[in-house]
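Participant: As listed in TrEMBL for this protein:
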BINDING   Cys104, His106, Glu140, His167, His366  Mn(2+) binding site
DOMAIN    192-282  domain 'Peptidase M20 dimerisation'
Amino acid sequence: MSIDSIKQLAQAYAPETVQVRRHIHANPELSFEEHNTAAYVKQELATYGIEAESMANTGLVALIKGKNPEKKTIALRADLDALPIVEANEVAYKSKNEGVMHACGHDVHTASVLGTARILQELRKEFEGTVKLVFQPGEEKFPGGASLMIKEGVLQNPAPASMIGQHVFPMLPAGKVGFRSGMYMASADEIYITVKGKGGHAAMPEMNIDPVLIASHLIVALQQIVSRHASPKVPTVLSFGKVEAKGATNVIPNEVKLEGTFRTMNEVWRKEAHQKIKQLAEGLCASMGGSCDIDIKFGYPFLQNDPAVTSIARKAAEAYLGTENVVDLDLWMGAEDFAYYTQQVPACFYRLGTRNEERGITSGVHTPTFDIDEAALETGIGLMAWVALQELEG
Ligand SMILES: [Zn+2]
Ligand SMILES: [Zn+2]
């Protein structure tokens with residue numbers, strides 16, 4: 001099968017993919033509430049002759065069987081959910097669901113996998129193997145739809161040999177894509193600490209155990225975890241974005257609450273770091289006469305792109321778009337639940353450029369003005385189809 005035949009199909013289906021994206025964009029639903037979106041996707045797939053099954057409540061899974069379908073299976077993933085953001089774009093396809101917005105491009109991902117599915121379904125007599133389509137709920141909300149889909153068996157019957165995910169990237173112009181082999185995105189855990197002391201009149205510190213002072217030392221001391229315990233070769237971030245002491249100018253409170261995030265790119269170090277954070281917090285608070293409750297909630301794991309799968313996908317992209325349109329991605333300390341799949345199956349998560357400087361399409365994801373250059377959709381569907389076929393052959 002030639003690249004040109006894929007490009008022709010991508011061009012032919014691009015206008016309808018734009019309409020599909022606009023429909024999903026105008027009708028966003030929050031994480032784990034994607035009932036109408038899932039019904040719409042299921043119905044779209046049916047019009048292409050693809051039967052989908054529900055999974056994880058609002059998720060869907062479907063198969064496109066080529067010749068010799070047992071030979072190899074690869075999976076393509078899209079996410080269905082939107083964010084609790086009021087859309088500020090004045091566009092024909094503006095969100096009709098006030099306060100909910102596809103501000104992370106999951107409308108684009110869903111429309112792209114649908115367009116890709118249409119191309120592959122048309123070509124199914126020309127390739128060997130099976131393409132599994134995964135439409136998952138709840139990427140934006142813990143515990144992540146990916147973890148639920150895995151629990152419900154999305155990686156079995158048939159088990160994919162590799163998995164591909166595509167995500168919008170507003171820093172990269174439409175028409176370009178980005179890849180990174182190996183570690184790419186961070187794990188993200190939430191830290192909740194309550195520092196306990198003994199409150200009282202601020203003029204009589206000798207009568208109190210000041211949790212504000214203890215918490216201040218603790219925030220500084222915990223940075224040692226990053227600077228002295230983390231290997232310089234493993235990216236690590238510890239940030240406290242919320243500090244709450246409900247005292248007054250003349251009142252020392254009983255307790256101070258700290259909330260933060262811990263991010264890294266190594267699962268062994270991640271667990272070690274949790275222990276070190278707990279030990280240091282408990283020890284430091286005790287040494288200053290106080291105590292603390294500490295709770296670290298595991299979020300998504302770190303995202304690792306398999307070198308072999310990524311190499312095939314990248315070479316496919318270079319052939320499809322030209323080497324000048326394929327860039328290296330930097331490490332990214334954001335988190336993404338596609339990481340759950342990458343812990344189970346060799347996978348590649350790549351970025352689809354959606355920026356258009358001239359038209360002022362530059363806003364970041366998770367902002368009220370996020371939008372895409374829809375020219376990216378033609379690239380998205382054709383490239384993903386080509387990558388899927390190369391992975392089936394690879
Ligand atoms: Zn997001
Ligand atoms: Zn996203």
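Using N, Cα and C of the backbone, Cβ positions are placed for all residues, glycine too.
All annotation found in TrEMBL is predicted automatically rather than curated by experts.
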Participant: Based on Cβ atoms within 10 Å, give me the single least packed residue among the binding-site residues His106, His167, His366.
Facilitator: His366
Participant: What is the number of other Cβ atoms found within 10 Å of the Cβ of Glu140 (Mn(2+) binding site)?
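Facilitator: Glu140 (Mn(2+) binding site) is surrounded by 21 other Cβ atoms within 10 Å.
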Participant: For the Mn(2+) site given as Cys104, His106, Glu140, His167, His366, which other residues of the same chain have their Cβ within 8 Å of the site's Cβ centre?
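Facilitator: Output for this site, in sequence order: Asp79, Asp81, Leu83, His102, Ala103, Gly105, Glu139, Val168, Val365.
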Participant: Restricting attention to the domain 'Peptidase M20 dimerisation' (192-282), give the mean pLDDT.
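Facilitator: Looking only at the domain 'Peptidase M20 dimerisation' (192-282), pLDDT averages out to 98.
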Participant: For the domain 'Peptidase M20 dimerisation' (192-282), jot down how many residues DSSP puts in helix, in strand and in coil.
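Facilitator: Tallying H, G and I as helix, E and B as strand, the rest coil: 38 helix, 32 strand, 21 coil.
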Participant: Under 6 Å from ligand 2 by C-beta, which of these binding-site residues make it: Cys104, Glu140, His366? Sequence order, please.
Facilitator: Cys104
Participant: Tell me the Cβ contacts of Cys104 (Mn(2+) binding site) under 8 Å, same chain only and six or more apart in sequence, or just say none.
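Facilitator: Within the chain, Cys104 (Mn(2+) binding site) has Cβ neighbours under 8 Å at Ala82, Leu83, Glu139, Glu140, Val168, Val365, His366, Phe370.
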